[in-house]
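K.L.:
The following feature annotations were taken from TrEMBL:
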TRANSMEM  288-307  transmembrane segment
TRANSMEM  314-334  transmembrane segment
TRANSMEM  340-361  transmembrane segment
TRANSMEM  389-409  transmembrane segment
TRANSMEM  421-438  transmembrane segment
Amino acid sequence: MGCSAPFSFNGLVRHYFLRNRPWQGDIQVNLVGKKERKRQSHEIAESVRPFINRLAADVGAHGQVVEVPPGPPVLSTLVLEIYGPDLSERRKIAESLERLLTRTPGITDIATYEAVEQPLARFEVDKGKASLNGFSAIEIADTLRAAIEGVKVGLAHVESEPEPVDIVVRMPKPARLNLETLGKICLFSRFGRPVPLAWVTRLEERSQRLPIYHKNLLPVSYVVADVTDRLGSPVYAMLTLANKLEKLRTPDGKSLEILYTHPPRLAKDWALKWDGEWQITYEVFRDLGLSFAAVIILIFILVVGWFPSFRIPWIVMLPIPLSLIGILPAHWMFGMFFTATSMIGLISGAGIVVRNAIILVDFIELKLREGTSVEEAVIEAGAIRFRPMLLTAAAVFVGASVILFDPIFQGLALSLMAGEVASTLLSRTAVPVLYYVIMKRVVVRETAFRGV
């Protein structure tokens, strides 16, 4: 209580080091090993969240259940960034968003970074009166700090504590909260005469300055939330809120612009941007998509170099989309989301399934050079080359099964296994048939040309 716990990189991003006020607390729960419990950490966190929320609501507090993220840390699962030049208007929009999120099923741990105005009492030192009595501003401040925060005067050895406990002397709480009582604290002048604190200071009461947040030099306000296990991914919460967010208005009555991938360009522009896990998801799948496109282009170039034809690469790359026929239903059957590791599995498996197609096409080309007809060549390719294709699929299946039950790399394993199985079974017939449909006329024309 009143002191931030040791924080990790996740705590650095979430600003755990700022939890150092007397009304803030932090409890870290360390679970036993996964072999000694039946439920995963996420299931345990989901089960205790309703209890923590009810307990906090009963005492007028705000509680959150936060898990250590498996990937890059973010401010929160759902982060709504409100951009605009007027701070008070941003706060009004943030309050509207809080009410909207509260009424949305599946969204919990809703909070805003907009602090509530607090009264601030300031004792301003009257330098003239202080100097007449021989007081410095530091002496007055130290005296007031000792009365409010206390002074360590020694150590107490308590049997129930493993280490000595500090002995702190300070005024009782009712006196600390009473400004009139604090003003009666006496300091002894250089003449030995007691001087009340109120005589050498002026009491100023005002509102405390609230923090103003900026991101990339743009003024911003934050509203954060988490999603329950029913939604799992922030994308579904974003789809649920899409129509509701269109009703938000800027101070001039226009619709608030909703941004998904980039902040507004100018500080005068009003906008609401989705951030948090969505931003990580977008950037990961964008980069993986570009990588996948580069892989497809490289495979196309290599196959064109191996088979001097611009038609055959399209036949060879047919198993890549066929693998999705196995990957997507497999994720649905296992109740899993298509994650970044699943995408990596799809990209990794592309090279393997293309190799199987090359085996088929290369065998067909070999038979055609021996004088076999197109029909016989494609039939023999599907029958004879199926064994090495099956052995390749079995090797991938067995190798990926080792990480199938890992919570992070499960998507990678499932994509490799399901994609390889589906592609192997379907490409055995699909690749020869497609070759026959596309290349029959070409082969017949070349044969006739050689005959002439």
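Any Cβ shown, glycine's included, is placed from N, Cα and C.
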K.L.:
Should anything in the same chain at least six residues away from the transmembrane segment (421-438) have a Cβ under 8 Å from its Cβ atoms, list it; otherwise answer none.
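P.N.:
Residues 311-312, 314-316, 318-320, 322-323, 325-327, 349, 353, 356-357, 360-361, 364, 374-375, 378-379, 381-382, 386, 389-390, 392-393, 397 contact the transmembrane segment (421-438) from elsewhere in the chain.
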K.L.:
Mind checking which residues of the chain, 6+ beyond the ends of the transmembrane segment (314-334), have their Cβ under 8 Å from one of its Cβ atoms?
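P.N.:
The answer is 296, 299-300, 303, 307, 342, 345-346, 349-350, 353-354, 356-358, 361, 410-411, 414-415, 417-423, 426-427, 430-431, 434-435, 438-439.
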K.L.:
For the transmembrane segment (288-307), what are the same-chain contacts with Cβ under 8 Å, counting residues 6+ beyond its ends?
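P.N.:
Counting only partners 6 or more residues beyond its ends, the transmembrane segment (288-307) has Cβ contacts under 8 Å with 313, 316-317, 320, 340, 343-344, 346-347, 350-351, 354, 358, 361, 365.
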K.L.:
Quickly jot the same-chain residues contacting the transmembrane segment (340-361) by Cβ under 8 Å, restricted to those at least six beyond its ends, or write none.
P.N.:
71, 281, 284-285, 288-289, 291-292, 295-296, 299, 303, 306-307, 312, 315-320, 322-324, 327, 331, 381-382, 385, 388-389, 392-393, 396, 400, 408-416, 419-420, 423-424, 427-428, 431-432, 435
